[in-house]
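Take a look at the structure below.
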């Protein structure tokens with residue numbers, strides 16, 4: 001039987017987006033991220049992070065810096081009894097298959113974990129996240145952004161707590 005997944009963008013969903021975050025001291029978790037993840041873990045979703053990290057290609061930081069921050073982030077999730085199944089990242093600039101809005105990272109997860117994409121969820125903070133989710137045939141696309149964005153193929157919320165309340169009300 002295929003497994004459901006919750007895909008999360010990193011900057012703007014897991015942590016406050018401060019542009020090219022790669023240092024632990026600059027990494028600040030968004031309010032509600034742990035509660036949201038625990039909710040979906042309790043419903044047998046696998047948890048994945050799919051993040052564009054063009055700061056690597058731009059020379060702002062090294063891939064080793066990204067991995068150090070990932071280790072810190074995963075340890076913080078573990079302290080909250082949350083297991084992130086895998087982090088997918090694109091270190092490139094435009095033009096590659098893995099960079100969102102293309103679906104490369106999401107499709108790689110689908111193949112590696114035999115995921116049921118139609119019953120999976122992707123939460124992102126940019127339209128490129130929503131487009132990537134659409135391109136990967138993910139069933140539920142959620143945009144978390146205080147600025148209203150145009151699009152009819154996703155739902156939009158102002159914050160993670162609103163998203164969690166939405167799913168609790170739907171009893172998903």
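All residue numbers here begin at 1 and follow the chain in the order shown.
Every residue gets a Cβ built from N, Cα and C, even glycine.
On a predicted model such as this, the values are computed, not experimentally measured, just so you know.
The feature active site, nucleophile is assigned by Swiss-Prot to 9, with similarity to another entry given as support. Within the same chain, residues at least 6 positions away in sequence whose Cβ sits under 8 Å from that of residue 9 (active site, nucleophile) are 49, 50, 51, 100, 122, 123, 124, 125, 126, 129.
Positions annotated as active site, proton donor by Swiss-Prot: 11. Counting every protein chain shown, the number of other Cβ atoms lying within 10 Å of the Cβ of residue 11 (active site, proton donor) is 21.
Under the three-state DSSP scheme, residue 9 (active site, nucleophile) falls in the coil class. According to Swiss-Prot, the feature Mg(2+) binding site maps to 9, 11, 125, an assignment based on similarity to another entry.
Residues or ranges marked as substrate binding site by Swiss-Prot on the basis of similarity to another entry: 9, 10, 11, 17, 18, 19, 20, 51, 52, 53, 54, 99, 100. Other Cβ atoms within 10 Å of the Cβ of residue 20 (substrate binding site) number 15 in total over all chains.
Marked as Zn(2+) binding site by Swiss-Prot on the basis of similarity to another entry: 90, 92, 96, 98. Under 8 Å, Cβ to Cβ, and six or more positions away along its own chain, residue 96 (Zn(2+) binding site) finds 90, 102, 104. DSSP assigns residue 96 (Zn(2+) binding site) to coil in the three-state reduction, outside any helix or strand.
The feature site 'Stabilizes the phosphoryl group' is assigned by Swiss-Prot to 51 (among others), with similarity to another entry given as support. In three-state terms derived from DSSP, residue 51 (site 'Stabilizes the phosphoryl group') belongs to an extended strand segment.
The site 'Contributes to substrate recognition' annotation in Swiss-Prot covers 99.
The feature site 'Stabilizes the phosphoryl group' is assigned by Swiss-Prot to 100 (among others).
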Annotated substrate contacts 9, 10, 11, 17, 18, 19, 20, 51, 52, 53, 54, 99, 100, maximal Cα-Cα distance (Å, integer): 20
Residue with minimal Cβ packing [other Cβ atoms within 10 Å] among the recorded positions 51, 52, 54: 54
Which of 18, 92, 99, 100, all recorded positions, has a Cβ with the fewest other Cβ atoms inside 10 Å: 18
Candidate nearest residue 54 (substrate binding site) in space, where candidates are the recorded positions 11, 98, 99 and distance is Cα-Cα: 99
Listed recorded positions among 11, 92, 98 whose Cα sits within 10 Å of residue 20 (substrate binding site): 11
Cβ-based neighbourhood (8 Å from the centroid) of the Mg(2+) site, residues 9, 11, 125 excluded: 10, 12, 13, 14, 17, 51, 124, 126, 129
